[in-house]
Amino acid sequence: MPMTVRTRFAPSPTGFLHIGGVRTALFNWLFARQHGGQFLLRVDDTDQQRNVEAALAPILHGFEWLGLDWDEGPVEGADKASKGDHGPYFQSQRFEHYTDAVERLIASGAAYRDYARPEEVQAEREAAEKAGEAFVYSRKWRAETDADRARFEAEGREAVVRLLMPREGTLVLKDLVRGEVRFDWAREQDHVIQRADGSPIYHLASVVDDELMRISHVIRAEEHLSNTPRQVFIAQSLGYTPPEFAHLPYVAEPGSKNKLSKRKLDKYLKNRDFAALNEKGQQIAGRLGLETSAETFNPVIVDFYEQIGFLPDAILNYLLLLGWSLDDSREEFTRAEMIEHFTLDRVNKAPASFDPAKLTAFQDRAMQQVPAKQKTARSVEMLKTARLVTDPPACDVGPVVAGIVAAAGDRIKVYGDILDYDDFFTADDQLTYDEKAWQKRLVKDAAAGPLLAKYRDELAKTPDASAADLEAGLKAFCEAQGIGIGQIIHALRVATTGKAVGFGMFETLELLGHDRRLARIDRALAKLGN
Ligand code: GLU
């Protein structure tokens with residue numbers, strides 16, 4: 001590939017980063033990185049009445065979190081960029097280029113000012129439909145001369161600019177994913193490229209920018225395939241050589257081939273895996289005290305994963321395989337390996353379904369490879385966000401979290417799972433008890449209280465006990481009492497953690513430390529009235 005590879009991702013500022021959008025961005029990023037080229041981010045905001053800043057922030061934040069860095073961009077957007085030296089391109093700041101292009105297209109006859117009123121075009125469209133014919137605009141209000149313009153304007157009409165599209169012949173496009181695609185020009189319309197208020201339409205802005213930014217490969221969602229003929233027409237009319245195109249199949253819904261959309265959440269929640277992932281996320285968000293709305297916090301949107309503590313690399317690895325494969329078996333790729341192996345010709349033509357269970361499995365696997373130190377540090381951050389680290393803290397947070405991380409092992413699948421162990425960070429006199437477990441293990445089991453009281457006295461003698469010592473101690477205690485370990489251990493867990501389940505009991509007791517385990521048993525005994 002002799003030319004410099006330059007790709008771009010062109011998000012509209014929608015206020016959220018869709019998981020399918022990230023897949024598109026990832027493929028662009030990988031392709032550019034692999035060829036030592038550049039990856040550009042260009043905000044498609046030619047049509048925005050809304051607050052672009054606010055709607056863009058989650059998208060840029062998502063890129064930063066995922067580590068999809070972009071090259072180039074104006075310095076004035078630097079505050080929005082992760083690297084801090086350049087922002088993304090904003091089309092709203094580049095209108096003069098689009099206006100120039102429109103003038104050139106009109107001058108060369110490839111476009112014209114059209115003074116039709118929307119209802120007049122609509123009437124033609126309806127008439128064609130009624131007659132069972134394809135709609136072809138009559139070009140009745142096309143201004144060919146200054147005199148035409150003056151006449152139409154005197155009638156109080158306003159002009160849009162339309163392309164004077166070819167009405168016969170075929171465009172043959174060699175798409176790098178889809179292969180040869182043919183389009184009949186007759187099926188195209190005289191598409192609008194500039195609105196009456198002078199603002200450019202996406203198709204024009206996109207083509208002009210792709211040229212000015214020397215984009216070599218346009219890698220984008222399949223839904224833009226049908227836009228390509230008019231874009232090629234614009235490019236050719238302006239004397240550009242169109243870039244290469246690669247249209248990616250869309251990311252489909254879990255368990256179906258329809259396009260994944262953030263608007264069909266109710267439907268996806270009927271999918272068990274999707275619902276489970278969503279439920280887990282909502283639970284963690286609740287514990288973190290996040291104000292979430294289903295609209296912006298669900299498994300279709302990238303922010304969801306960041307908040308609950310997924311690993312960016314796991315998400316990228318999963319998305320890589322959503323529509324691409326190296327061979328039939330290999331699943332794990334580091335970032336460097338993704339860059340090394342990615343090729344457009346191995347992108348599938350058929351849509352790939354978003355599979356929450358598979359994504360979760362990638363995350364589980366990746367999490368088990370994270371060094372303990374990093375897991376601990378990120379877990380501490382989570383606890384702080386959830387305000388579980390109190391002032392003064394209920395325990396020596398760093399070492400306790402390190403201990404939990406070690407003892408919990410693969411129970412910590414996302415960083416938010418550390419919040420399951422909130423009981424360690426609660427002051428001993430504030431511990432709450434799972435009511436069902438309390439009743440079952442301590443109230444209905446009448447022997448539990450007296451046994452706990454006796455064990456407490458044994459425990460009091462071993463202030464420096466390790467988990468192994470504690471285990472040996474409890475076994476000896478049970479033997480002496482002539483009971484099985486099961487007759488006390490559940491009550492002990494509820495008394496010291498408030499919960500029915502957790503990781504190893506002895507690791508738990510060791511992590512609590514001498515004073516805290518005794519204090520908790522004492523509190524439970526007092527509550528029981530022993
Ligand atoms: N803003 C368009 C989109 O989000 C960009 C399409 C393109 O890549 O040309 O779909």
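Using the three backbone atoms N, Cα and C, a Cβ is placed for every residue, glycine included.
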Kindly point out the range from 49-53, 259-263, 289-293 that TrEMBL annotates with motif ''KMSKS' region'.
259-263
Write down the single range among 11-21, 77-87, 187-197 that appears in TrEMBL as motif ''HIGH' region'.
11-21
By DSSP assignment, list the helix, strand and coil residue numbers for the motif ''HIGH' region' (11-21), in that order.
3 helix, 1 strand, 7 coil
